[in-house]
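A.B. asks: Below are the structure tokens for one structure; questions will follow.
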Amino acid sequence: MESRTSRRTFVKGLAAAGVLGGLGLWRSPSWAASGSPALSVLSGTEFDLSIGEMPVNITGRRRTAMAINGGLPGPLLRWKEGDTVTLRVRNRLDAATSIHWHGIILPPNMDGVPGLSFAGIEPGGVYVYQFKVQQNGTYWYHSHSGFQEQVGVYGPLVIEAKEPEPFKYDSEHVVMLTDWTDEDPVSLMRTLKKQSDYYNFHKRTVGDFVNDVADKGWAATVADRKMWAEMKMNPTDLADVSGATYTYLLNGQAPNMNWTGLFRPGEKLRLRFINGSAMTYFDIRIPGLKMTVVASDGQFVNPVEVDELRIAVAETFDVIVEPTAEAYTVFAQSMDRTGYARGTLAVREGLVAQVPPLDPRPLVTMDDMGMGGMDHGSMDGMSGMDSGADDGMQTMSSMGGDSMPAMDHSKMSTMQGMDHGAMSGMDHGAMGGMVMQSHPASENDNPLVDMQAMSPTAKLNDPGLGLRNNGRKVLTYADLKSTFEDPDGREPSRTIELHLTGHMEKFAWSFDGIKFADAQPLILKYGERVRIVLVNDTMMTHPIHLHGMWSDLEDEDGNFRVRKHTIDMPPGSKRSYRVTADALGRWAYHCHLLYHMEMGMFREVRVEE
């Protein structure tokens with residue numbers, strides 16, 4: 001059955017076939033019989049990787065990507081648990097570069113974060129990464145320098161287990177989801193700083209107002225619009241960067257390129273999903289197939305059968321499916337419903353299955369943001385929040401690509417000051433029976449914090465915005481349970497609470513209202529077990545990643561649930577996890593939305609004796 005797609009999407013698909021060999025530096029990618037490029041695979045213990053520019057044509061316009069070994073994505077690396085791997089990374093760019101091995105436990109000087117782990121790889125230079133592989137599962141790797149991840153410096157990573165895995169399968173495919181823009185990422189960032197909702201082409205219309213009046217009444221609808229206007233936010237702004245500029249790729253291919261993964265009817269097929277995008281959350285389903293989730297972030301979980309799952313930026317999920325028909329669509333729609341990545345599982349090349357329409361666009365509500373129970377008619381005071389010009393912008397070298405030089409996290413730019421007394425207009429008496437969330441003093445009177453969650457909750461059993469009550473079984477964090485008990489076993493000796501903060505209009509992001517350059521490192525004592533509590537004081541969803549150590553997610557009662565390397569934090573959520581400080585050194589800790597990290601949602605963690 002043929003799918004329906006727009007002409008624009010079709011052109012993108014055809015244009016993606018024009019990926020070139022590139023500047024004499026690269027071999028041409030291999031192509032399957034259908035015209036779909038195959039992932040290059042490198043395995044063993046010795047690897048040579050080269051990062052350089054590569055001309056591409058994904059949307060009908062010629063652009064320059066940065067690529068690893070001439071591929072977009074880079075080669076699939078296959079390691080074996082227990083081996084020592086050596087990776088020689090050569091920089092053929094005109095700028096410094098780096099490779100970070102996401103979720104991999106290794107020495108700090110092998111972690112690949114310029115300014116913390118090492119100095120970076122200068123143009124023409126070579127850096128040799130060497131470390132023992134201590135884990136197994138599905139991971140990925142990417143640049144931690146500037147915006148290089150956005151323009152192609154990333155690739156998938158699979159580590160074969162030393163011991164038998166707790167499930168059986170017959171064959172497998174790696175499915176890496178990414179987002180591509182023809183814009184210069186520096187220009188894109190400038191645009192967000194000038195107008196943070198520039199890429200939101202789905203603002204509410206007069207027609208929406210009329211419909212809301214019919215559903216909710218005049219007074220409630222006017223109060224709702226007034227409240228959002230005073231907060232200088234938009235309930236349709238689920239993603240800072242949308243399909244207005246992004247083309248969503250599956251294994252480097254636009255939707256109409258029809259990436260195809262072959263299977264034999266009746267076999268058990270393992271799919272290793274990786275979200276390697278810069279900014280995009282994806283909701284994944286395969287119409288006609290149940291997915292049995294068996295691993296999250298490379299770690300085995302008790303099997304759970306679902307129809308759909310949301311994958312945060314930087315997360316990985318392994319699922320097993322048992323296809324019997326000739327063809328199925330792998331459908332990954334963006335969380336804001338502005339586009340999708342798509343591929344096909346089929347018994348032979350050239351087949352397609354029906355592509356479902358995008359789901360309705362969700363809206364963020366006050367309840368979503370942890371504001372449940374507020375008298376929203378009394379929020380006039382929120383208009384007092386300082387939404388003036390961002391003085392810190394001038395420190396970013398006019399966004400000339402070196403706002404965080406090569407992501408040198410010892411030199412990130414500054415923003416300071418806050419005005420937060422404006423929350424006085426809220427009717428806190430309307431929140432009787434709720435536990436009011438406290439907030440750090442650094443958020444008060446801070447012009448770079450535009451909201452605070454009043455009653456955040458863990459939301460572990462919440463499918464998320466746009467996925468509730470959709471008639472499908474959707475994976476939640478409450479469904480995830482590691483196949484092992486808490487590997488440490490100790491109760492945390494202390495708790496560290498951090499708030500995810502930001503200002504939508506100014507496109508400013510931070511922890512506790514303090515940008516990275518103004519923040520002191522978080523100090524952990526070597527060997528201690530700590531509990532980290534995160535509170536999301538923004539209307540955005542943030543994937544939070546700690547380098548070098550595992551994040552052991554807890555339930556609301558403080559019981560160990562699942563081991564992760566990236567913790568998804570929806571709006572209005574409060575989640576806790578345990579960390580064993582077993583890795584001496586300096587480590588990055590940040591939001592994995594690239595432009596949020598670039599704008600300051602980043603901290604250094606130091607593990608000291």
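Backbone N, Cα and C atoms are what each Cβ position is placed from, and that goes for glycine too.
According to Swiss-Prot, the protein has these features:
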type    : residues                       : note
BINDING : HIS144, HIS547, HIS590         : Cu cation 3 binding site
BINDING : HIS542, CYS591, HIS596, MET601 : Cu cation 4 binding site
REPEAT  : 367-374                        : repeat '1'
REPEAT  : 375-382                        : repeat '2'
REPEAT  : 408-415                        : repeat '3'
REPEAT  : 419-426                        : repeat '4'
REPEAT  : 427-434                        : repeat '5'
SIGNAL  : 1-32                           : signal peptide
A.B. asks: Can you tell me the CA-to-CA distance separating HIS547 (Cu cation 3 binding site) and MET601 (Cu cation 4 binding site), as a whole number of Å?
C.D. replies: 14
A.B. asks: Have a look at the binding-site residues (CYS591, MET601) and report the one with the fewest Cβ neighbours inside 10 Å.
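C.D. replies: It is MET601 that, of the binding-site residues CYS591, MET601, has the fewest other Cβ atoms within 10 Å.
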A.B. asks: If one measures from the C-alpha of HIS144 (Cu cation 3 binding site) to the C-alpha of HIS596 (Cu cation 4 binding site), what distance in angstrom results, rounded to a whole number?
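C.D. replies: HIS144 (Cu cation 3 binding site) and HIS596 (Cu cation 4 binding site) have their Cα atoms 14 Å apart.
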A.B. asks: Hey, how far is MET601 (Cu cation 4 binding site) from HIS590 (Cu cation 3 binding site), Cα to Cα, in Å?
C.D. replies: 6
A.B. asks: Taking just the CA atoms, what is the gap between HIS542 (Cu cation 4 binding site) and HIS590 (Cu cation 3 binding site) in Å?
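C.D. replies: Spelling it out, the Cα of HIS542 (Cu cation 4 binding site) and the Cα of HIS590 (Cu cation 3 binding site) are 9 Å apart.
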A.B. asks: Give me the CA-CA distance between HIS596 (Cu cation 4 binding site) and HIS590 (Cu cation 3 binding site), in Å, as a whole number.
C.D. replies: 9
A.B. asks: Return the count of C-beta atoms lying within 10 angstroms of the C-beta of HIS547 (Cu cation 3 binding site), excluding that atom itself.
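C.D. replies: Cβ-Cβ neighbours of HIS547 (Cu cation 3 binding site) within 10 Å number 28.
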A.B. asks: Using the centroid of the Cβ atoms of HIS542, CYS591, HIS596, MET601 as reference, list every other same-chain residue with Cβ within 8 Å of it (recorded Cu cation 4 site), in sequence order.
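C.D. replies: Output for this site, in sequence order: LEU500, GLY502, TRP509, MET540, PRO543, ILE544, HIS590, HIS592, LEU593, MET597.
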A.B. asks: If you draw a 10 Å sphere on the Cβ of HIS542 (Cu cation 4 binding site), how many other Cβ atoms land inside?
C.D. replies: 26
A.B. asks: Over all shown protein chains, what is the count of other CB atoms within 10 A of the CB belonging to HIS144 (Cu cation 3 binding site)?
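C.D. replies: The Cβ of HIS144 (Cu cation 3 binding site) has 30 Cβ neighbours within 10 Å.
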A.B. asks: List, in sequence order, the same-chain residues at least six positions removed whose CB sits under 8 Å from that of HIS590 (Cu cation 3 binding site)?
C.D. replies: ILE544, HIS545, MET597, MET601, PHE602, ARG603
